[in-house]
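Taken straight from TrEMBL:
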- 1-27: region 'Disordered' (REGION)
């Protein structure tokens, strides 16, 4: 697989044969994002015991946080 920025095709001939996936067109992405935002509130309400994870950290820190939430959840006010 090739990517126009990160892993371009090696020759112009191959680049000419490449096609963009129809699912990746801007209007399709906009529909998917709109669907997400339309349904995210219902999902949050359904999974009320879910926890938020800041995944923009070291993978080991993320793992430790998730593990602590599953194995020994922090006490919460009811």
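Cβ coordinates are placed from backbone N, Cα and C, and glycine is handled just like the others.
With a cut-off of 8 Å between Cβ atoms, none of the residues of this chain six or more beyond the region 'Disordered' (1-27) come close. In the region 'Disordered' (1-27), helix, strand and coil residues by DSSP number 11 helix, 2 strand, 14 coil.
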